[in-house]
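Written below as structure tokens is the structure these notes are about.
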Amino acid sequence: MENYVPMHECHGHKISIIINRTHAILHSIAILFLIHYRLSFFFQHPPNITIPTLPWLLIFVSELLLYLAWLLAQSHRWRPVYRTVFPERLPADDKLPAIDIFICTADPNKEPSVEVMNTVISAMALDYPPEKLHVYVSDDAGSDATLR
């Protein structure tokens, strides 16, 4: 492995990282202010005022769920990665491994025969040595249309 040369390089753009992190932090601060506002509603109003609490609570819970979804979506933006691939570093055709592709079909109504054949043709058209590429179509024999 002393002659190992990577097939790709991974790098990040500093400006994109700074912009994305600044946006995420400012957005988080704004959402925390909103959460503070929603929580303060429950503690500031006297109990004798008849303000509908259930709609306010539902809005608060929905905002918490949306904030959680937004927070999870920020994971790929926190450190954006860009890759540069080097196809010229691929090994020679005789050193490539054999590949088996299995295409499974079940219902001809959900998977029309034309789409299955398009998948088979796409798999066979891969830029790979033909003697090392094997395409198999598996049918459950549930219909005469897919059997042929």
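The backbone N, Cα and C atoms fix where each Cβ goes, and this holds for glycine too.
Remember, predicted model here, so these are calculated numbers, not experimental data.
According to TrEMBL, the protein has these features:
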| type | residues | note |
| --- | --- | --- |
| BINDING | K110, E111, D140 | UDP-alpha-D-glucose binding site |
| TRANSMEM | 24-43 | transmembrane segment |
| TRANSMEM | 55-73 | transmembrane segment |
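Within the same chain, residues at least six positions away from D140 (UDP-alpha-D-glucose binding site) with a Cβ under 8 Å of its Cβ are T105, A106. In the shown protein chains, 15 other C-beta atoms lie within 10 A of the C-beta of E111 (UDP-alpha-D-glucose binding site). The Cβ neighbour count for K110 (UDP-alpha-D-glucose binding site), using a 10 Å radius over every protein chain in view, is 8.
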